[in-house]
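Report on the structure given below.
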Amino acid sequence: MATDRAPEHKHKHERRGRQSPETSTEMRSTGPVGSSRESETVSAPTTSAVAMAAVLTGSLVLAVDLGLVRPTLLAIVSGAILTATVTATKRRTPGGRAVGSILAVFAALGLAGALGLTLATSGDPMALETRYHAGVVLAIAAAAFGATATVTGAVGNRAVRSALPVVLVTPFPIALVAAAYFDPLREVLPGVPEVGEGWSSTELLDSLLWPDELAAGVLSFAALLIGLLWLTTVIVPRLPIVELLPRDRRAAAEQQIDRLTSWTGTIGFLLFMGTVIASGVALHAREEEATYAVEAYDYLEATVIPVAMHPVARFVVLGGIAALCAAALLSRLPDLHRLRRSRMLRLVPVFTGGVLVAALVAVSYPSAFDRWIRPELESMAAAGDGVPLPGGVGTIPPDELLSVGSPPEGIAIAAVAMIGVIGTISALVCCIWLLGSLQLLSDRGAPGTLAASALVAGAIIAAITGASTLVVGAVVVCAIVAWDASLYGVSVTEELGRGVDARRPALTHAIGSALVGAVGIAIALGLVELGGRLTVRSGVTVVIALIVALLAMFIVLKRRAVASASNSSASEISRLPVAAGTMPGVNHEEVRALRSAGFETIGDVQTATRAELADVDGLDGETVEALTGTMSTAGTTSGNNDSNDQHKRRTQ
């Protein structure tokens, strides 16, 4: 029997060794809480909400003090979108990379818009104070990214590293468009038209994106949207999407595709019926002029018509139809089954955002120039006004901008501008990645550390520009609360899991941190007032007061952490069993005597009185004195050393 069991055990061991990576990953993911490194970055929901609220409060304090409310709000939105970008890319799937590439474009637009508003609201865009304000906006965006990343773990565990290829590769398709419409290359490439030539082919596209008649525009948009929904119902189930996913996720993906096709078909039918009814109401309102029909038409004109006539919405619908048709054609290729397992296929979705932006610039810029840019420049030229340059260094004649901005040269300029916009978010992601690579962010609670560090950096820049002590102290307190809440949330997640309701202890912990910060602000204000009375009030006095206040808060928080850690370590020591290895100075006979008397753990010995230990058979007086005199909850190690010395003297 033993010889039969041994080979069977060996075969089981070999099968476990040959287990696929997908299965082993799945088994690890179902392990105990805290077994994966992601638990070191993801906080509990309540503590994440506290961290986000603290970062939002600190950002608004900076914004109100510096007069940057609108740029700050836009930077916060950009940071949240960046979190969604990294969360999508860290899944390292083709769909996640495609979604991350598109979200990276929106994050870049938000961050560039925040910086643009900062320059627009300043009196002198080239002044040093304006640059400081831009630095504050960037710090707020990074803080918002760190705060929202506490929910998904988008910082740490190589999450930001997964977004680097996306943000760095996205500008490449746009750069190709800019190069194609650049003067030297345009002379070589035969397919690119000259200025004023070849743009008549966009008349059909103009009629689809910018229709002249209202009724035709609304009906064409409804037809395009219905066509997109029904094409989704027909094409998506026939695409080999499921085969691109791991085997353990295919069943769930099939269910999601079935639900998607069912919903799109139903919505398309309802939209078709609604279009017919709305058309009838519009015709009846035009002919009969009934009161109810006129009111219904006014409602449609206020809600549906602006969306149907907007060029961005129409472009998105047209792009969706083109993408579905292209996917259907590509899925019919004979060698597609080889590409499904190719590594290059995993990198193709990285170009999604760049391709969409490049197509939008190349297709929409000529019509946008004719509709908006050209009339504005011509009116400025007729009035004799010039286009002011940043910093008030001069103006540019509108005629020169009109000649430079005309298609196709204007397409190259617009593409270069979009590359610069995407470069803002690329630079921010690279900086965050460098912070992690240089180990400037702690592995445990990295999102909270990033959020707190960014807020403190913003507070320092605000202090340089002349912010008050109260503002700087309030921002620093918000940073401390966000950092402390994120770390506490990581501990709660590791010990209890994310599904446990920890609102009460989390809120209590956050309130305690806020009270400590309030004490620090009071100390800082008191030191500033004292310094103003004793010395000439200067920037040095304010900085010294802030440094002392921050040190005081750090000492208080450090003592709290040390006390908590010592209590935790003492409780762990008290649960250790009574043994010669855990209680140096007590031999095996004395250990057996203690266990026979009912002392199973070190905590039992620590809580016992001298009389109870003296009644134990096998313990002499010196051992009892050593156990009762030196062992304590906080000083077990030193007590063990003393008892070890006494035991050596006794044995000698």
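Sequential numbering from 1, following the chain as shown.
The backbone N, Cα and C atoms fix where each Cβ goes, glycine too.
Marked as region 'Disordered' by TrEMBL: 1-44 (among others).
Marked as compositional bias 'Basic residues' by TrEMBL: 8-18.
As annotated by TrEMBL, transmembrane segment applies to 98-120 (among others). For the transmembrane segment (98-120), the residues of the chain that approach it from at least six positions outside its boundaries are 68, 70-72, 74-75, 77-79, 81-82, 84-86, 88-89, 130, 133-134, 137-138, 141, 163, 166-167, 169-170, 349-354, 356-357, 390, 420-426, 428, judged by C-beta separation under 8 angstroms.
The transmembrane segment annotation in TrEMBL covers 132-156 (among others).
Summarising the annotation, TrEMBL assigns transmembrane segment to 163-182 (among others). Sequence-distant neighbours of the transmembrane segment (163-182) (same chain, 6+ residues past either end, Cβ-Cβ under 8 Å): 85-86, 89-90, 97, 100-101, 104-105, 189, 192, 347, 350-351, 353-355, 357-358, 361-362, 408-409, 411-412, 415-416, 418-419, 422-423, 425-426, 429-430, 433.
Sequence annotations record features per position, and here TrEMBL assigns transmembrane segment to 214-239 (among others).
Residues annotated as transmembrane segment in TrEMBL: 260-283 (among others).
The feature transmembrane segment is assigned by TrEMBL to 312-333 (among others). Same-chain residues lying 6+ beyond the ends of the transmembrane segment (312-333) with a Cβ under 8 Å from its Cβ atoms: 208-209, 221, 224-225, 227-228, 231-232, 235-236, 238-240, 339, 356, 359-360, 363-364.
Listed as Cβ neighbours of the transmembrane segment (345-365) (distance under 8 Å, sequence separation of 6 or more from its ends, same chain) are residues 92, 94-95, 97-98, 101-105, 165-166, 169-174, 176-177, 181, 202, 205, 209, 244, 311, 315, 319, 339, 407, 410-411, 414-415, 418, 422. The transmembrane segment annotation in TrEMBL covers 345-365 (among others).
The list of residues near the transmembrane segment (411-435) in space but at least 6 beyond its ends in sequence, with Cβ under 8 angstroms from a Cβ of it, reads 78, 82, 86, 104-105, 107-109, 111-112, 115, 138, 141-142, 145, 155, 160-161, 163-164, 167-168, 170-171, 174-175, 177-182, 354, 357-358, 361-362, 365-366, 404-405, 441, 450. Taken from TrEMBL, the feature transmembrane segment applies to 411-435 (among others).
Per TrEMBL, transmembrane segment is recorded for 447-464 (among others).
If you look up TrEMBL, you'll see 470-490 (among others) marked as transmembrane segment.
As annotated by TrEMBL, transmembrane segment applies to 510-528 (among others).
What TrEMBL records for 534-557 (among others) is transmembrane segment.
For 629-652 (among others), the entry in TrEMBL reads region 'Disordered'.
Per TrEMBL, compositional bias 'Low complexity' is recorded for 629-639.
The largest share of C-beta pairs under 8 angstroms with the transmembrane segment (447-464) comes from 132-156, of the ranges 132-156, 214-239, 260-283, 470-490.
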